[in-house]
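The next block holds one structure in the form of structure tokens; read it before the comments.
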Amino acid sequence: MQPVPERLQCENPQECEEWYNLFRAVSFFNLLIDLSCAECDCNFISFKINCNFISPFKLQKYLKLLDDNDGYIPAEELKYSVRTTARAFGLDREEADFLIAGIDSNKDNFVDFPEFTVLMARAKHLRLKSVMLYAARSVLPRSQQTEKIRYLLEYNCWPPPIFMASFLVLISLLQVGLYLYNELEYCSRNNRFMPAKCAPVKSPLILNPCKKEEVWRYFSYMFVHVGFVHLLNNLAVQFLLGIPLELVHKFWRIACLYFLGVICGALLFFVFDRDIYLAGASGGVYALLSAHIANIIINWSEMEFNWIRAAIFGIFVSSDIGVSVYQRYFSSMPNKVSYISHIGGFVAGLFLGIVLLRNLRKRNWENYAWWTSLTLFSLFVCSSIIAMIFQELTKELPYICTVT
């Protein structure tokens, strides 16, 4: 058996044997059958590659004849077959080109077994890469997808795509860990790990308007959650909305967006709703949400399914804030839901989505949009801080918490 390149060693001997047998089978057919049928054989191997499925055991009766036959696959025929059949298996042109790039490494116009293993290894990993590719397509207009997809295709798939987005994974783990700590530290044994309940108001992380001078609370309240349902809701939205943005726009941009959304939610809370406690991460979550909306608006003509995306986000935002307003002012539940922090995070994300998540392809009018958004965001933050400073200090609070 010909050696496999060290960096492409098979996971087990059976897998390597499958690759080798399939290669020999296709080579054998190419040598014995008229050359005009080579395309048919290449279509077969392309089917196996694109499906990421190798099952040569069905060819055992043929493989017995191949003990003394070592052939080659015509490189151009194989490339053509992969390109022409890729669309049927959910691959676009960029993915197909990545799959066959440099496959004929020795430039002899034939694909030998070591070269064939390169192709199979790429096909095997491409399904995992498709998670990242789908995320990229969900937040980028068509004209900007090629460059970013090419970068993601070069990513080696380890660690898995979800851990490539390190910031939101880290934040989510911290939120889960601190939720467990707060439950054990501040809740009675019979009141732990409930779906919904009052927040741990003695926690040094919760936003207490009576302690305006403790500035760390302006963002640390995002680590305090009121019941596991509250926590799971925020985690779900963070992953669904944040991971695609972070994969495409890098962690530091999303970190700035998220933290500033949380802080803006706190500032607006101090101005308009400072007679209760505040806990939860909806300020940051709504910043991610409105950044998606800003992305759709600024790339409207190029964004796929723009009306559908806009309708989904519009329905979600209006219904969620509507329910929050009802629970804040009309519900008899002790856990009030703050819509003010939602609005603060939403405004921050809408402006910062244009400032931080700029397009890869720059157009003239975007400079005006960038400066306008930065100016409006700065005015929003400065006016909120001034209003908060001149607010009277809250001296005593009832035992009512606000969930965000």
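Easy rule for this one: first residue shown is 1, then count along the chain.
Using the three backbone atoms N, Cα and C, a Cβ is placed for every residue, glycine included.
Between the listed ranges 18-37, 338-357, TrEMBL ties the annotation transmembrane segment to 338-357. Within its own chain, the transmembrane segment (369-390) has Cβ neighbours under 8 Å at 212, 264, 267-268, 270-271, 298, 344, 347-348, 351-352, 354-355, 358, counting only residues six or more beyond its boundaries.
Counting only same-chain residues 6+ beyond the ends of the transmembrane segment (307-326), those with a CB under 8 A from a CB of the stretch are 289, 292-293, 296, 337-339, 342-343, 346. Between the transmembrane segment (162-182) and the transmembrane segment (251-272) there are 3 or more Cβ pairs closer than 8 Å, counting only residues 6 or more apart in sequence, so the two stretches are in contact.
Annotation: stretch 338-357 has the most Cβ pairs under 8 Å to the transmembrane segment (251-272), among 221-245, 284-301, 338-357. Cβ atoms under 8 Å from those of the transmembrane segment (338-357) belong to residues 245, 249, 253, 256-257, 260-269, 272-273, 276, 278, 280, 282-295, 298, 317, 320-321, 324-325, 328, 369-370, 373-374, 376-377, 380, 384, 402-404 of the same chain, restricted to positions at least 6 beyond its ends.
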